[in-house]
Amino acid sequence: MASTRSILENVFGMLGVIFWSFQLLPQAIDNYRAKSTAGLSYSMFFIWTLCALGFGSYGVVEELSIPLIIQPQIFGVLSTVCYLQCLYYGERTRGWWGPERGLKRIGWAAVGGLVAMVGVQVGAVYATRAGIDHDIKGTVEAAGIIPILLLVLGFIPQYIDIYRDRSVVGVSMAFITADAAGAMFSIVSLIFRTEFDLLATLNYCAVLVCDLIVVAFWVYFNKMHPELARVKEIEEKDLENGGRNESESAVVTIVEPEGEEEKEQQKGHRHHLHFDLHGTTVPNHLHAEPVAKTTTSTATSTGAASQASLSSAQSNSTVAQP
């Protein structure tokens, strides 16, 4: 009969495996719903895909339980999905991979990526076993440490993006919560284990610390100091630039009559107005100036015409007198 210690170890270990199998699912769903991966690091998901290959091959070589072998595979597939979403929705890559190109190109990339993942993992398994067969010291340790280093390394590009933007943008906090929960359940499982596993403990603790750093960034930038967000500054600059573009002044050219044809041009009221709008909307205050000038000029022309008519009438009246 299994002891209580063994039962608790398996229960918490299974909870950790479940959380770590699907922790990236909320992130993939959020990316799809938002049709955007703004704020996410492309490198993070690519590095995690490589990390999953290492964990998968290590589990096969060490002949771990089936759930511990399947978990890295699911994690690798979801990491690949998130990376492809970054290519598909990302501003830097959508010109080549985006919706304008259709799903065919990104679909072929997904198929090629999965085939490559299988090939790399199979190669890693055979390479590790060859090292063990030839009694190369540190082969198993290296096979377990390299994925851990890649897992931690994957967080660094995301930290850089968060610090640059002064805000946690695009990162699903449900994903971070599930990731941290999986690490904590796994650590508790190790506590009930009879033999201490240093490598597994370092792995789970490293993941938990990395997740807590993201949470700390989120609390500091998003909750305590949202005014520091660089995203808002960029939007404000865009609005200012847009305002300046829209406020390009209307060029008003009034051709004044000269010489002997002055009266005829005044009667014809030839005023040339040219608005250089550059395809933008001109605010109301810009319309006021040309309208005012036109009105004044029109009034002047009308006054001149009235005076000319009055002089003509008086002249006719003088001639008509006996």
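Keep in mind that glycine also has a Cβ here, set from the backbone N, Cα and C atoms.
Sequence annotations record features per position, and here TrEMBL assigns transmembrane segment to 6-25 (among others).
Feature annotation from TrEMBL assigns transmembrane segment to 37-58 (among others).
If you look up TrEMBL, you'll see 64-86 (among others) marked as transmembrane segment. Panel annotation: around the transmembrane segment (64-86), residues 14, 17, 20-25, 27-28, 31-32, 37, 40, 42, 45-46, 48-49, 51-53, 55-56, 93, 106, 109-110, 113-114, 117 of the same chain, lying at least six beyond its termini, place a Cβ under 8 Å from a Cβ of the stretch.
Outside the transmembrane segment (106-127), and at least 6 residues removed from its termini, the chain residues within Cβ reach (under 8 Å) are 49, 52-54, 56-57, 60-61, 76-77, 80-81, 84, 87-88, 97, 143. Feature annotation from TrEMBL assigns transmembrane segment to 106-127 (among others).
What TrEMBL lists as transmembrane segment is 139-156 (among others). Long-range contacts of the transmembrane segment (139-156) within the same chain: residues 43-45, 47-48, 50-55, 57-58, 61-62, 124, 128, 131-132, 199, 202-203, 206-207, 210, 213-214, each at least 6 residues beyond the stretch ends and with a Cβ under 8 Å from a Cβ of the stretch.
Summarising the annotation, TrEMBL assigns transmembrane segment to 168-192 (among others).
If you look up TrEMBL, you'll see 198-221 (among others) marked as transmembrane segment. When Cβ-Cβ distances below 8 Å are used as the criterion, the transmembrane segment (198-221) is approached by residues 16, 141, 144-145, 148, 151-152, 155, 158-159, 162-163, 166-168, 171, 173, 176, 179-180, 182-184, 186-187, 190, 228-229 of the same chain, each at least six residues removed from its ends.
Summarising the annotation, TrEMBL assigns region 'Disordered' to 284-322.
Under the heading compositional bias 'Low complexity', TrEMBL lists 292-322.
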Surrounding residues of the transmembrane segment (168-192) on its own chain - C-beta under 8 Å, 6+ positions past either end:
5-6, 8-13, 15-20, 22-27, 29-31, 36-40, 158, 162, 200-201, 204-205, 207-208, 211-212, 214-215, 217-218, 221-222, 231
